[in-house]
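Q: Okay, here's the structure, questions in a sec.
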Amino acid sequence: MKALIFLGAIIAGVLSDEWSPMDPEEVAFEEAKCMEDHFGNDFGLAEKWMKWNLAESDGKTACYVKCLVEALGMYDKQAFQPNNIKRQYEAYKSDNGVDQAKSDAISNELGKIDAKDGKCESIAKGFIQVNNANKGVLEKIYLLDSSVRDAIYKKNPQIKPKGISIFRFCGKQFYQDGEAAYCNVRKHGFSDDPKFIKHSNCTTRGMRWMKKNGEMDESAILRGLHAVNENGKDDVVKKSLQNCKAKDESKARDYYKCIYDGLGEQLFMKVLDYIEVRSENYSYRLREATSKYDANAMRSKVKALDSEAKC
């Protein structure tokens, strides 16, 4: 069933964190995460980055570019990785509309950049120069061009598209709208029914709480807590993960439950509300109108999604 390979390699359960070509959802997630970490509430700057309008002389932009090229696998181990760029191109060459000779030329140009010092400025300067000389090409190779992205989503329903939350996307795979167990999940965050094992595997990976190799990512869980202005529960999360007795066959569900029990339902659901709303559009935090956490707005939006799910 196609749904079971949601998010490409993520749900397929890749057994290492070695880089592999990324689908448009993965790219969009990493792009937005880097923007959140570096835009410093400069919403005008974030708008420029979304359009790949990258200024060579701007310090924030330089460190954003470093974050982005590392997250997308273009730069690793103190060097640009032309083979990774070529692999990304090959994975979607029937969709990206880029000539292979052009892709190879750009990959090779990036490979020549001397950025061994790992500094933001060294990485960004060369990258921006190559990108500016080949406007729009890397956006197509990395599936950020809207026409390329939309075509891939249309052909690959196993990939979560923009506009649907991670919990609705996973819920539709394993439950029927209005189903009692599903409504229990939506209202309380957990269910003992067998379907929840698969559902939590989907959501936990989609939230990036679980890595491709099956390990839990403590930093991703804490990121969600901090996003809802809860900064005093880091140790609770750490202890919940350390003390969790998870079984291989239900690993995601078991860790999910350990975190749930550690934080308590109220706080856990507060975090999930935010993640659900943000997951519909990864640029949610980058818009001034929705940049500040508003618990009431989150709850109102999630209630609307509950109604959509007939819960």
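Cβ coordinates come from backbone N, Cα and C, glycine included.
Copying in the features that Swiss-Prot gives for the protein in this structure:
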BINDING   Ser146, Arg149, Tyr153, Lys160, Asn281, Tyr282, Ser283  ADP binding site
DISULFID  Cys34-Cys67  disulfide bond
DISULFID  Cys63-Cys120  disulfide bond
DISULFID  Cys170-Cys202  disulfide bond
DISULFID  Cys183-Cys311  disulfide bond
DISULFID  Cys244-Cys258  disulfide bond
SIGNAL    1-16  signal peptide
Q: Can you grab the distance from Cys202 (disulfide bond) over to Lys160 (ADP binding site)? Cα atoms, rounded to a whole Å.
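A: That separation, Cα to Cα, works out to 11 Å.
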Q: Compile a sequence-ordered list of residues in the same chain as Asn281 (ADP binding site), six or more apart from it, whose Cβ lies below 8 A from its Cβ; state 'none' when nothing qualifies.
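A: The answer is Lys162, Gly163.
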Q: Look up Lys160 (ADP binding site) in the DSSP assignment and report helix, strand or coil.
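A: It is coil.
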Q: Quick check: of the disulfide-bonded residues listed here (Cys67, Cys120, Cys183, Cys258, Cys311), which one has the Cα closest to that of Ser146 (ADP binding site)?
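A: That would be Cys67, nearest by Cα distance.
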Q: So for Tyr153 (ADP binding site), how many other CB atoms are inside 10 Å of its CB?
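A: That number is 18.
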Q: Which one is it: of the disulfide-bonded residues Cys63, Cys67, Cys183, Cys244, Cys258, whose Cα lies the shortest distance from the Cα of Lys160 (ADP binding site)?
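A: Ranked by Cα distance from Lys160 (ADP binding site), first place goes to Cys183.
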Q: Looking at the binding-site residues Arg149, Tyr153, Tyr282, Ser283, which has the shortest Cα distance to Cys244 (disulfide bond)?
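A: Looking at Cα distances from Cys244 (disulfide bond), the smallest one goes to Tyr282.
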